Every structure is written in structure tokens, then in C-alpha cells.
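Chemist: Below are the features listed in TrEMBL for this protein:
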type	residues	note
REGION	1-21	region 'Disordered'
TRANSMEM	36-56	transmembrane segment
TRANSMEM	76-95	transmembrane segment
TRANSMEM	102-121	transmembrane segment
TRANSMEM	141-159	transmembrane segment
TRANSMEM	166-189	transmembrane segment
TRANSMEM	216-236	transmembrane segment
TRANSMEM	266-285	transmembrane segment
TRANSMEM	305-322	transmembrane segment
TRANSMEM	334-352	transmembrane segment
TRANSMEM	364-391	transmembrane segment
TRANSMEM	403-424	transmembrane segment
Amino acid sequence: MGAGSSTEAEREPLLVPSHAETNSPPVNSRVYGRRWLVLTLFSLLGLMQGMVWNFWGPIQNSAVHAFGFSKSDIAVLVLWGPVGFVPWLLFMWLMDKKGLRASLLLSAFFMLLGAALRSIPLTDQPLRRWLIHGGQFLNGLAGPTIMSAGPFLSTTWFAPDQRATATAVASLFSYLGGAASFVVGPLVVPAPNDTQAGTTMSAAVSDSSIRDRIQLVMYAELAAIAVLFAAVLLYFPSRPPMPPSVAAASQRLSYRSSICRLLSNVRFLMIALAYAVPTGVIAGWSGVLDMVLTPAKVSQVDAGWIGFWSIVGGCVFGVAMARFADSIRGMLKLILVLMLAGASLSSTWFTLTCLSRYTHLPSTAAILYTSCILVGIFINSSVPIFFELFIETVYPVPEGITCGVVTFLGNLVTGLLLFFLTFYCTALQMLPIKVGQ
């Protein structure tokens, strides 16, 4: 039996490696330097969205005096963030059909309109409170794109060996904005602690001063959002002229097929549950951290620093772990297990510290601060690793749709927690804690 020479088509491999098995980009691929500008604009929008969302929690004592808010009002102001995820399917459809530019422009417009609405200096306090609530809701509508599009941006613009790091930066800057509000609010807005024993006139002057400081911060945030909206309007392409990798150039499932694939994938749903519960709880916890720690005799400024370091530590640790995951593939599950184990131990430590009356464990300021900060570090740093694991699990579902589903679930958990606090915060009691030196 004679064998003739094989043709070029016959020499093609029968099995083509998947996107996860190859690191070699296609011949017509290219990585553009402008990707850093795109990442910077997106990350700064996430920073401002997080700052506006977490604006009221760190200064809740001052807001009560300045605007007559109740504890329930503070919880509702934070709750508008998760409520903004209700139309998440619309934003994911827009991102899938029209690209990241259209979705991000709409989100930035909502942020700008919300920041402007809550900054209107009305003297009618009931109407002013309604405008503040409306502004917080509009800012929450930007959440589905800001918190979900990071992995989509990294896949669209970055090479495979930079993707996890870019995902970490894009997804964690929103958390960093929440951390910044823990510092900016308590440092700029004075606490009303020194006005309790004063006269009626001095208390009125002090409340006016607090209101002016809050107004100053809101004006500054409005100006920053306006600049970012103009920058995105002038230049923010949906995708580069040529894809940076095989994954970016590959064909993805349609919007409807993607949703069906995700909801029928048991492994994905189990990982999504592991993501949604801890991240949703810590997000709601951070939003009302000052309210939670007030019964523990923790001041507004100290609570702000606890929230700041817990989120900043999580962002730094998360970027470091993402960089490690970029260099060593196949370690995502092990990294997540170690992070969640650390979070479980830290939260147990904090709980036992709160129950020192029964556990007889030492309850000092250092222990309280350390346990709170460690919980935030371990949980917040797991976000970009979870995103990378989701993408690898359900490929070829588009990254924006995948992360949109899981962030919706996380915000659903946050919303349930804040919903409970909204209607039961007057009856919510924390065991008395004697914090030593």
C-alpha cells in the first residue's frame, strides 16, 4: 500500500488546545500601551463609585445631627447600592451587545447625575433628604458595570500573563473607594461628640458646621466624577483594534445562551455561593461599621481607620495574590481555600472577643482592631481570585455576564443584611464590650 505525501489540511491537529492551555498569542494579536489609560479611567470611576456608596456610614453620627437622619436612614442610604443591582440584566445585555464603552458611559452618567442631585444645597430638610436618597440610588445603578466589568476589560485589553493583575486592579478600586471614605469622611467632617453637653445655640452652630463640611466633601466628589465622565466621553474605546490574546479573539456564547449555561452549571453555582456569602456580608458590614462598633465604645474616627485598613489591606494582598496567580497557573482553588480559612478564623476570633463576658478571653482595643482588619483583608483580597476562577470554570461565557451574575448574588446578600438592619436596628443590641488599653 503506497502512501502519498500528506496535504497541509491533513497535518492539522485534531484537538486544538483550549485558551487555558496555551500562552502563545495569535500572529495578528497585539498589546497596546493605551490599555493602561483604559484601566486607569475605569479604576478611578470605580474608586469614586465606592466613595459615594460608602459616604454616609463612616460619618453616621455627624449625619444624624446635620440632617436629622435616623439609624434606619443610614442603613437605607447604604442599601441603595445593592438595590442598584436590580436591573443588572439590562446592564449585562448592554455590555454584551454594545460594548464596554456604552455601558460605562451610562454608568458614569448615573454617577454624575446622582452626585449632582445630592449636592443641591436646599434649606428644606425633608426634601433635601429625598434628594440625597435619590442620589445614592443613582450611584447604585452604576454598580453592575463598575463591579462586574473588570474581568471583561482585562481579557479585552491585556495579555494572558497580565490578566489576573489587571482584574485585581479594576475590581478592587471600587473597594479602595470605600476605604477612602472611611478616612476622608471622619477626618473632614467633625464628630458631634463635643456638642452633647452644650447649649442649644452652640449645638445649632455645631450642626451647621457639620453640614457645611459634609457639603464640601459632596462638592469635591461631584467635581471628580464630572472630570472622569468627561474623560470617558472623550476617550474610552470598547476594545483595541487587534485582540491581545486567543481568549480575547475567540467566539463567545450569546447573551441568552450564557445565562442558561450559568444557571445550569452546578459547579459554577457552588463557587458563586462561596463568593456571594462572605463578600456580601463584609460589604454590608463595612457600610455600617461605625454603627456596629459604636456600642463597643469605638469612636467614629477609630471605626473609620479600622474600615480603611481592612479594605486597603485586602486590596494590596489581593493584587499580590493575583500577581502570584499570573505567574503560577492552576493554584486558584488552593489560594481561595487558604483565604477563606483565614477569614473564618479571624471572624471567630472577633466573635469570641465580643462574647468575652462568657468566654473570658481578653478584649482589648488591639485585639478588636486586629481581628476586624484581618477579616476584611482575607475576604476582600479573594475577589479577583474568585473572578479568575469563574472565568475559567464557565468559558466561553463572556466575562461581563459571568461576573455580573456573581456580583448580583453578592449584592443580594448585602441587601438582605442591610434590609434586616433597616427595620431592626432600633432593637439591634450588641453585647457590651469593655475595651481596654
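Every residue, even glycine, has its Cβ placed from backbone N, Cα and C.
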Chemist: Can you work out whether the transmembrane segment (141-159) touches the transmembrane segment (76-95), with the criterion being 3+ CB pairs under 8 Å where the paired residues are 6 or more apart along the chain?
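Modeler: They do touch: at least three Cβ pairs between the two stretches lie under 8 Å.
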Chemist: Are the transmembrane segment (166-189) and the transmembrane segment (102-121) close enough to be called in contact, which here means at least 3 C-beta pairs under 8 A that are separated by 6 or more residues?
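Modeler: Contact between the transmembrane segment (102-121) and the transmembrane segment (166-189): absent, because fewer than 3 Cβ pairs are under 8 Å.
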Chemist: Under 8 angstroms, Cβ to Cβ: which one of 36-56, 76-95, 102-121, 216-236, 266-285 has the largest number of such pairs with the transmembrane segment (334-352)?
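Modeler: Selected stretch: 266-285, with the most Cβ pairs under 8 Å.
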Chemist: Apart from its near flanks, which chain residues at least 6 from the ends of the transmembrane segment (216-236) lie with a Cβ under 8 angstroms of it?
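Modeler: For the transmembrane segment (216-236), the sequence-distant neighbours (Cβ-Cβ under 8 Å, at least 6 residues beyond its ends) are 37-38, 41-42, 44-45, 48, 51-52, 55, 100-101, 104-105, 108-109, 111-112, 115-116, 118-119, 184-185, 188-189.
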Chemist: Checking distant contacts: for the transmembrane segment (403-424), what same-chain residues at least six beyond its ends satisfy Cβ-Cβ under 8 A?
Modeler: 72, 75-76, 78-79, 81-83, 85, 88-89, 91-92, 95, 143-144, 147-152, 259, 262, 272-273, 275-277, 279-281, 283-285, 287-288, 291, 386-387, 390-391
Chemist: For the transmembrane segment (36-56), name the stretch out of 76-95, 102-121, 266-285, 305-322 with the most CB-CB pairs under 8 Å.
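Modeler: The stretch with the most contacts is 102-121.
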Chemist: Please identify the stretch among 102-121, 266-285, 305-322 with the greatest number of Cβ pairs below 8 Å relative to the transmembrane segment (76-95).
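Modeler: Going through each listed stretch, the top one turns out to be 102-121.
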